[in-house]
Amino acid sequence: MSTLVESPVPSNDSQAAAPAAYDPTQKQKSQAKTARIPIKVVAAEKLKKPEWIRVRAAAPGSRFYDIKRILREHNLHTVCEEASCPNIGECFGKGTATFMIMGDKCTRRCPFCDVGHGRPDPLDTQEPENLARTIAALKLSYVVITSVDRDDLRDGGAAHFVECIAKVREYSPDTRIEVLVPDFRGRLDRALHILNSGPPDVMNHNLETVPRLYKQARPGSDYAHSLKLLAEFKKLHPEVPTKSGLMLGLGETDEEILQVMRDMREHNVDMLTIGQYLQPSEHHLPVLRYVHPDTFAMFEREAYAMGFTHAAVGAMVRSSYHADQQAHAAGVN
């Protein structure tokens, strides 16, 4: 495990141990990424994974390698690969993936996330076409499109999302599209205006954790702003289900999670996902607890009691894991 401490101001004596010169054009992963955030990860005792944490490998004869080949041929990224999702074997094996647009370099440095940080490359104008062709070739009936944060773009990438949605609908008119968007912080009004021209079938934005832990887990993000994004989109598109997700194990309490769920419902969020945080590497935020299945079951009961139309809750649940089944259960056909 690891602990978190505020970064001290380096003294002359510590300059020899300073990290290597930062090259913003290179994708920073793991230690290189987390070395330059205000909260540092310090190695400590590691919690043993309980028996209910089980990752499914790709089955023999599955489409795992076929999917990887197709993605590389079309110059596409998936959050499954970039974020080291534990469910990648199962999802790729079944021929599903969550597509990550606008490159593989994020402008944020969230220390729970394994997506690389760096100065993003210019947008690929061929990406919407490549994405649409790939989805059509795979004959997918439901897709999730997400992205890195693009704080370098005036609209946060909203127009690129709309272009991708339009192209997918052109090639696959019966395919349902869920988007998992960044927070568009500082660009919310512009982004929402752009999304009006081509809204998705499901609008997803993850709160990730409780507000008390935002400084450690989501530097550069704001809890109230993320709730506002979901609420404002819902006002503009009341017919489109909204969705958000949380990860457990960063030091939150059960009551804090329940309060976030109440906040979601007060902001008209329809669908919920809750899963166990798993540390991508020793340089990321530590797992401070492994949540028992009985506790996940309690959160699921409470979610339906609060009025969520669908709640996917469990240790291995991720925001886009079985997203098609989640959406179908919530009435998206």
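Using the three backbone atoms N, Cα and C, a Cβ is placed for every residue, glycine included.
When other Cβ atoms within 10 Å of the Cβ of SER320 ([4Fe-4S] cluster 1 binding site) are tallied across all protein chains shown, the result is 28. Summarising the annotation, Swiss-Prot assigns [4Fe-4S] cluster 1 binding site to CYS80, CYS85, CYS91, SER320.
Among the features that Swiss-Prot reports, [4Fe-4S] cluster 2 binding site is placed at CYS106, CYS110, CYS113, with the record citing sequence analysis. Within 10 Å of the Cβ of CYS110 ([4Fe-4S] cluster 2 binding site) there are 23 other Cβ atoms, across all protein chains.
Per Swiss-Prot, the feature compositional bias 'Polar residues' maps to 1-15.
Confidence in the domain 'Radical SAM core' (91-309), given as mean pLDDT, stands at 93. The domain 'Radical SAM core' annotation in Swiss-Prot covers 91-309 and is backed by sequence analysis.
Residues or ranges marked as region 'Disordered' by Swiss-Prot: 1-34.
When other Cβ atoms within 10 Å of the Cβ of CYS106 ([4Fe-4S] cluster 2 binding site) are tallied across all protein chains shown, the result is 25. It is 15 Å from the Cα atom of CYS113 ([4Fe-4S] cluster 2 binding site) to that of SER320 ([4Fe-4S] cluster 1 binding site). The local packing around CYS113 ([4Fe-4S] cluster 2 binding site), expressed as other Cβ atoms within 10 Å of its Cβ over all shown chains, amounts to 23. A separation of roughly 19 Å, to the nearest angstrom, links the Cα atoms of CYS106 ([4Fe-4S] cluster 2 binding site) and SER320 ([4Fe-4S] cluster 1 binding site). For the pair SER320 ([4Fe-4S] cluster 1 binding site) and CYS110 ([4Fe-4S] cluster 2 binding site), the C-alpha distance works out to 19 angstrom.
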